[in-house]
């Protein structure tokens, strides 16, 4: 079961990494200008991030297995449609639908694991193994993107993802557990239905916010449409918080998300940390790709080979994480992971000569980034699911992935603006085009260092007494693991 569910995050990461590698080829084929390149990534991120919470709740209410199967099948269909996209706008639409499909599978997969497996050693290893799908996907995505870019059409990537997703669909039908019978603790949440008003406010608000930020990065922040979009999104999100508070405290109906959960300081800090970490790690992967392909002018396959340590070290780290979650305090694990990722970005931010051997700073940076991703994600993912009741496990997975998605997508226009602004200033100073481009890339890496430094400081100060996360035995409100030891 866990292997099949891990296939969901494996394919999501595979597709994400492969698209980064084949992005130059897609742009050339569909004549996408540099200023709009980010939309190939952002269109996917917009929907995958905005709809996670809604689909997580729908999974808890109407059945996680059913939604997971629908999402996997929808992924297959959208990937085939993406491969046949004839023009730029069609590609964006298909990428957005692909993101919607991922928003179905990811929270329901986490929900099935969280609901089916009781807290303990097996669950620790299950979450570590599930998180291991990401580094495995990074390895395959990089290799597949590099091989396809060099010897085939970019469309092949999406055909392969479609076929693999169809295989997961069939496997899920056969091996995933059935939904619990009536009379279980699921009945209360199912009977209460879905908070559609809250779902609309959150989904529309987050979607408009991400659209506004993405549009601002490409057209300028002074545009009236950009300002209006961001203001409207802010109003909708404030309305969501007020509505959820009212529904939780003044009615007997189930809210989309219990706002009271965020009153627990450590839970709120953990959500901020995962957002900041996702920002630093995602931009590390993206801008190091630009460094290898657009600055060093390496072939896609040569670029992909340089990312293999990211996946190999990541796979090994996930198994270590499963073992350590019940043996070492969570703040120690997080501090190690966040510090490693910060150093990885630092190595690309400092003025190391481009002629320096890959083994001198590229390989250590990739290994450190893997240490970061594959300790932070399992640790905080398990903490999030342990913090919510058994009936809300898909919502827990959705909340965790939503915060990660916000971290991945919101900074993209910001980092793009930083890179272009610094590059323009360097050109005005008389620097060559390539040197100015490199300086812009390094500026983004410094932004990532700042995000990770902030998250490390929050861990040291705010999660100092989080205890051994893998020792939690009961699901429910967010709490300190030491209380159960």
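We number each residue from 1, going along the chain as drawn.
Heads up, the Cβ atoms here are built off N, Cα and C, so glycines get one too.
The domain 'Major facilitator superfamily (MFS) profile' annotation in TrEMBL covers 1-457.
Under the heading transmembrane segment, TrEMBL lists 42-59 (among others).
Annotation comment: TrEMBL describes 66-84 (among others) as transmembrane segment. Listed as Cβ neighbours of the transmembrane segment (66-84) (distance under 8 Å, sequence separation of 6 or more from its ends, same chain) are residues 5, 8, 11, 15, 55, 58-59, 91, 94-95, 97-98, 100-105, 108-109, 112, 155-156, 158-159, 161-163, 165-166, 168-169, 172-173, 176, 179, 394.
Look at TrEMBL and you will find 96-115 (among others) tagged as transmembrane segment.
The feature transmembrane segment is assigned by TrEMBL to 127-148 (among others).
Feature annotation from TrEMBL assigns transmembrane segment to 154-175 (among others).
Through the fold, the transmembrane segment (196-214) approaches residues 38-39, 42, 45-47, 49-51, 53-54, 57, 226-227, 229-230, 232-237, 239-240, 243-244, 247, 255-257, 402, 406, 409-410, 412-414 of its own chain, all at least 6 residues removed from its boundaries and within a Cβ separation under 8 Å. Taken from TrEMBL, the feature transmembrane segment covers 196-214 (among others).
The transmembrane segment annotation in TrEMBL covers 226-246 (among others).
Positions annotated as transmembrane segment by TrEMBL: 267-292 (among others). Same-chain residues lying 6 or more positions outside the transmembrane segment (267-292) and placing a CB less than 8 Å from one of its CB atoms are 17, 20-21, 23, 41, 138, 261, 298, 302-303, 306-307, 310, 334, 338, 341-342, 344-345, 348, 365, 369, 372-373, 376-377, 380, 383-384, 387, 399-400, 403-408, 410-412, 415, 419, 438, 441, 444-445, 447-449, 451-452, 454-455, 458-459, 462-463, 478.
What TrEMBL lists as transmembrane segment is 304-325 (among others).
Among the features that TrEMBL reports, transmembrane segment is placed at 332-352 (among others). Counting same-chain residues at least six beyond the ends of the transmembrane segment (332-352), those with a Cβ under 8 angstroms from any Cβ of the stretch are 273, 277, 280-281, 284, 287-288, 291, 321, 324-325, 360-361, 364-366, 368-369, 371-376, 379-380, 441-442, 445-446, 448-449, 452-453, 455-456, 459-460, 463.
A Cβ distance under 8 Å defines the sequence-distant neighbours of the transmembrane segment (358-383), meaning residues of its chain 6+ beyond its ends; these are 110, 123-124, 127-128, 130-132, 134-135, 267, 270, 273-274, 277, 281, 284-285, 288, 306-307, 309-315, 317-318, 321-322, 325, 330, 333-334, 336-345, 347-348, 352, 397, 400, 404, 452, 466, 469-470. Among the features that TrEMBL reports, transmembrane segment is placed at 358-383 (among others).
According to TrEMBL, the feature transmembrane segment maps to 434-463 (among others). Packing against the transmembrane segment (434-463) from elsewhere in the chain are residues 265-266, 269-270, 272-273, 276-277, 279-281, 283-284, 287, 290-291, 294-295, 330-331, 334-335, 338-339, 341-342, 345-346, 348-351, 354, 372, 411, 414-415, 418-424, 426-427: each is 6 or more residues past its ends and has a CB under 8 Å from a CB in it.
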> Near the transmembrane segment (127-148), which same-chain residues lie under 8 Å Cβ to Cβ, leaving out any that are not at least 6 residues past its ends?
Replying inline: 2-3, 5-22, 109-110, 113, 154, 156-157, 160, 285, 299-305, 307-308, 310-315, 317-319, 321-323, 325, 370, 373-374, 377-378, 381-382, 385
> By a Cβ-Cβ criterion of under 8 Å, what residues six or more beyond either terminus of the transmembrane segment (154-175) are in contact with it?
Replying inline: 1, 4-5, 7-8, 11, 14-15, 18-19, 22, 25-26, 29, 65, 68-69, 72-73, 75-77, 79-80, 82-84, 144-145, 148
